[in-house]
Amino acid sequence: MDELLGEFITETNEFLETVDTQLVAFEADPTDGDTLNSIFRLVHTIKGTCGFLGLPRLQFVAHAGETLLGKFRDGTLVATPDQVQLVLESIDRIKEILAELEATGVEPEGDDSALIGALELAAEGHVAAEPPAESASPAPVVEEIVVEAPPPAPTPAAPAATTSSRWDPDLGRELRPGEVSLAELEAAFLAATPDDDLDTPTTTAEQVSTAQPAAAAAAVPAAPVVERRAAPELRAVKDEEDDSAAKGGAVSNQTIRVNVEVLETLMTMVSELVLTRNQLMQMVRNSTDSEFKAPLQRLSAVTAELQDSVMKTRMQPIGSAWKKLPRIVRDAARDLHKKIDLVMDGEATELDRQVLELIKDPLTHMIRNSCDHGLELPANRLAAGKSETGTIRLNAYHEGGHIVIEVSDDGSGLSTSRIRDKAIKNGLVSEEQAWTMSDSQIHRFIFAPGFSTAAAVTSISGRGVGMDVVRTNIELIGGTIDLQSTEGKGTKFFIKIPLTLAIVSALVVGSRDQRFAIPQISIVELVGAGGGSEHKVEILNSARVLRLRDRLLPLVDLSEVLGEPPRDPVIDDSNSAFVVVMQHSGQLFGVVVDEVFDTEEIVVKPLSKALADVGTFSGATILGDGSVIMIIDPGAVYRRVGQAEEVVEEAVEAVQTKRGDRPETTSMIVFNAGGDQPKAVPLSLVTRLEELDAGTFEQGDGRILVQYRGELMPIVAADPYSQVASSGTQPVLVFTYNGLAAGMAVDKIVDIVDEALDIEMTADRPGLLGVAVIKGKATEILDVSHYLSLTLNNWDDPGLNKPAKHIVLVERNPFFRNLLSPLLRSAGYEVEAVETVSAALVCAEYRKPSAVLTDIDADVTAARRLLSDDRLAGTSIVALSGSPDADATGFTTLVRKSDRDSLIAAVEHASKLEIAA
């Protein structure tokens, strides 16, 4: 292909991407003159260059589009969506012709008369019909461009040519004033000489058009016509470049085009240099004293700088992959009769061009899905209380050496019930299993091959060949994808991908005397298990799990993944291991390894064909000591080892069963007061533990007071038979409610414990909730509200400035009912505490509450009745549980009973929702 033609194709493709985006923006705001001028200049440049290169078909299509844009530009016409659609179709036609031109080096044949005619009619102010698709039969317009002068055009069925109206058989219509026939252009082109000066005054096109075709074919003076048509276009491009250079500091002179193969070669050489650097550094590490240590450290620094520099040459802003998305969204909205806004943030975020190319198709598919399935029709959105215009948001940002791309919409969200039914129908899960799965687990079925809940196949989506391919393509580049969706509110996808595929950070681990590399993009943390560690490995339902911060993670042994014989699954104080906590498809799981060596930047080498089907590895690399190790594929580990998803479900189910057989635990602070019998209060109610100077205590209003943080704080003894100290230090539990502080004086603070309280309630003594066994001793559980009433006047009065909101508390356990009621009253709420859901519904009959708090540990099925009862329509229902991992699907939020701050915040938020409704 001619070098000039190749540059033209490259630049024109770049122009067209820009024009696509700007036309969509111009359609939304036809008064934006700057955008229109930019579009006009680009189309004008394309047309002029086509004329110079002898590409008439491209030139005619571009000219027709330019003419319509010119009418917008001079104010003759105000752009309408249909007219902009015609311009976009002309841009699409140019793209098609360019693609064929790039493939063959020759402008393809084709008939564009219908499109050109529609554009010309629109430019004249007429409403043009939808132009038909390009005819498959070749048109004579290109065939007539030959080296020899063409014969006189036959016009048996056309009107006779005159000086004022002439028929052009190539265009199939009469020439307009000022237009020149193709035969005249060709004759002028053949007669032109290389020495003709482009700037020499020449005969105008109008003069040539008045001559007869036969004379024009032979007359030399007509030759400058083509030169005259080409010269203004070239000068226009030159003038624009000069203007741009003047404004931008001649940026064009500071950049050059580089073949991608050159960059690939540079990257390969740098990768080899990194390997060599690693080997040399390993040699230095093994030597206690080496004269090469200093120069090698310098070499390492230079290598790192060179690597960064080469990486920058491969980096491109992710916005370059987003350029076509506004057009896609615009066309989808037009086809689907929806109103859609596309918001793009983080376009300047850079990543490797190879990764950028591989992420384009998945992103395009996800955007189409959001348009088709995610966003509702305007009427449906208005009925749901939303604006009629839906929003799709793209956001990209750096996080921990990787790129995170968020794709979200404010549409209808994923329908859990429809996905569940479809998964059962397709045999992906049994009905019994499906009903035990959480919403997030159900939602991940959309990544199953062939899965689709679309009612009908459209031209945009619904074939069920999409999201599984999206996930596969993302995983092929070492990335992960996860989602969050709330029915009725929208869906958000999270895509995490590496910055580059050539050099990645990895953790080198050992298993049974072999070393492997695990990409850090999938690693969440590294923990030690057994050998006295606080992290324990347990066996639940024959599944090995790691208990990590109140969460159970399924465990897999790397050696077993690799086909080694299984070993003792128990990891306790007698042995130890490392657990690499990894994340894949939103699921956390642990991989047991024997050793952890170091993190290294590794050069990824592709697998040989012999290992391609193993499925456990994603590549290989060479370490600094020269040894070759395999790179573990996190996705393959997740899928191969006992089906990690099923292990998770079994473990969670086992824990829930185990939890249902035992009382929930509560954090308690244990102390002595008035004797040796221990006493306790819930830790969540205590703001601070203080040791105050008893000499600062004062008397006032019949109470003991102390100046505490600028306020007077009353103090009461925790036991009626004990007294507050008059000298020395006094241990005090500080409680704060509704801006008021009160202190409880105790003799000694013993411990803070987590206990499953089995309380025997007593009612014969004020201030005592009951007695429980804590650490093997009978312990009195004090009623904090009673002591607050002794120290603070009207402590549970919500106050005149804060109207009391009615809260219904549903709690079977009398301990928690008596514990939470005063807590809520102190925060300014009027609380009605009941034992059953039925009692709560009766309360709602005579007075609708601002919010309902219900326990879900005892009977979640009964609690869910509150969600569907009409008496509580529009009321926020807050779920209470002893576990942060309880399934609270459908409830406004989930709060741990022992978390005072979160409880108050959740009730406040819930009551605000009730007011807003």
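The backbone N, Cα and C atoms fix where each Cβ goes, glycine too.
Unlike curated entries, TrEMBL annotations are predicted automatically.
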Matching range for TrEMBL feature annotation, region 'Disordered', among 32-63, 192-223, 448-479: 192-223
When you get a sec, could you say which of 149-173, 399-423 is annotated region 'Disordered' by TrEMBL? 149-173
By DSSP assignment, list the helix, strand and coil residue numbers for the domain 'HPt' (1-101), in that order. 86 helix, 0 strand, 15 coil
Summarise the domain 'Response regulatory' (806-911) as counts of helix, strand and coil residues per DSSP. 47 helix, 26 strand, 33 coil
Count the Cβ atoms, other than its own, that fall within 10 Å of the Cβ of Asp855 (4-aspartylphosphate), considering every protein chain shown. 25
